[in-house]
Amino acid sequence: MWFQLKIEHCPNDKIEEITEELEECGALSITLTDKNDNPVLEPEPGTTPLWPEVIIHALFAQAEEAQYAREQLVAKRPSLHCSLELLADKNWERAWMDDFRPQRFGNRLWVCPTWLPPPEPDAVNLILDPGLAFGTGTHATTSLCLTWLEQADLKNKSIIDYGCGSGILSLAAIKLGAKHVYAVDIDNQALQATQSNAHANHITESQLSISSPEALQNPVHLVIANILLAPLISLKERFHQLLPSGAHLVTSGILEEQAPLLIDAYDSAFTHIATEYCEGWSLLVFTSK
């Protein structure tokens, strides 16, 4: 049995403090969700993106721990609304497993969870469990990037995956023919997730390098960056240093209405050649000048 504590009416400036207290009380996992399904716009690099109204879900193994956490939070912050729910083992397992099925991107790329067989064993199959976070193909921007990679000619190409998250784009690129991918992120947890996913997909060090962005030195054929508008704009010169003339830059993580802002910001260093849209999000393709 599991015990889920749901916390509403949380001031955004207290989210980090509350999650730390939940961890101290024994929470096994903590998830932040958006009450109103709003998009996240332009958080600074290294910060946690927050919505106007955040709901916190904390999972506990013991009822006493969950109840104690509830009492402590409400005692300090009477405005919080905390509700406790009992989850049976089977229901908890289904809650996250039933939502994930193999997904196809383009004609030949599949992303499959470990507990289900690939629908097309001879296709390009990427094994990735949702529990490792940082991107599993379900978000529109990840889908846009995977679909673009699937149709691109990546054979013998060197690629930088800037803001690699789970490593899903890096691993897909390797399986689609890339010679070497440099997966970089400012978040150590993302680097660890990428390493774990690489191991699960039998990707070797000769195919994949995992590091912080500061380690990047050599120019590459392609940079793909599924991050947000503010960091994309700030990284323009860095991307230009890493891409020789004519090399490709693929960006996503930006809303449709933000696309013109990035195109304008990049105009001095890059030529915009293509745009794709999905569910209000955009993917932009540039070549380096």
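Quick reminder: no glycine exception, Cβ is built from N, Cα and C everywhere.
Taking a C-beta cut-off of under 8 Å and a sequence gap of six or more, GLY163 (S-adenosyl-L-methionine binding site) has these contacts in its own chain: VAL184, ASP185, ILE186, ALA190, ALA225, ASN226, ILE227, PRO231, GLY253. Annotated S-adenosyl-L-methionine binding site per Swiss-Prot: THR142, GLY163, ASP185, ASN226, in sequence order.
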All-chain count of other Cβ atoms within 10 Å of THR142 (S-adenosyl-L-methionine binding site): 26
